[in-house]
Amino acid sequence: MTEKIEKSGSQSERDGVQSYRGKAEYRNSDFGRFCDLSTFPFTRFTHSVTQSNQQGSSETKTTHFGFQTVPEEAKESLVKNVFSSVASSYDVMNDAMSLGVHRLWKDDYVSSLRPGRKGPLRCIDLAGGTGDIALRILDYARENYADRETSVDVVDINAEMLKEGYKRFKKTMYHNTPQVRFIESNAQALPEEQFPSNTYDLYTIAFGIRNCTSIPDVLKEAYRVLKPGGTFACLEFSKVNNPLLNMLYDQWSFSVIPIMGTVLAGDRDSYQYLVESIRKFPSQPEFAQMIADAGFATGGLHEGKGGAWRDLWGGIASVHTGVKV
């Protein structure tokens, strides 16, 4: 049975409140509520970003959705539909698309951050629905530093992805502990009441920022919620620099991956979008400059030691870091 949520507040606030299947109650905000489901409890906070930003303007702003040009206010729902469609097969498809290499990249990414080395951390993992980065953070801190106090808030805009992460954590020692929470919210507009400024020691986002409508808004929010001295770390697909490797990568991406999406997930279009979204993401220097423009201290605008990013496998993926000053 679908329960209606009583609508209150201004029109823009009401736009942020959505109905949900199950038992629900308000939690101190017109933007969000706590959903108390016997199988999947999580906190939901939504915020209509693009609509409110465009009020008072007759000009329709556009952005990319893969290789398509769409109105900004449409992209969020289009991306939600993609990840709702692929959620249950997401990990299987990642293994197939990367031949398992994504697991090595994620291991390298988390181990380079060394969570727990200087004591317990409060972490936030954006676009982290399936929980694989959060689990790596908690395992690394526990196994290397006997740290059982580091915690991770797993935040995603898509409830289906969060359900997959919640199911994964039910099989671990962290289930029903203060070390992990699952929260549905928009990385571009994290509600202040749920995500106060200067709260987190570590902000991670892996293979997610390219799907956001406004990367600068995501970076602005990342800077806000981090404590001074806190670390922003992003793992994302990037630009391949070697021409031969780039040619082979393009062949694999555009010829093989959509077919895999059809065979393994029954969804060619979603995986076609994911491939296209990688090509639309800024280059390593461009993204590094965006991080610096958000206020973060980064290395030099180059790759490698002392640089703002580190390439993995010739730039197929890159790790970007910055520190809040």
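Using the three backbone atoms N, Cα and C, a Cβ is placed for every residue, glycine included.
As stated in TrEMBL, the feature region 'Disordered' covers range 1-21 out of the listed 1-21, 43-63. Applying an 8 A CB threshold to same-chain residues 6+ apart, the list for Asp156 (S-adenosyl-L-methionine binding site) reads Leu126, Ala127, Gly128, Gly129, Leu162, Gly165, Phe182, Ile183, Glu184, Ser185. Long-range neighbours of Ala187 (S-adenosyl-L-methionine binding site) (same chain, six or more residues apart, CB within less than 8 Å of its CB): Leu126, Ala127, Val155, Ile157, Ile205, Gly208, Ile209, Cys212, Val218, Glu221, Ala222.
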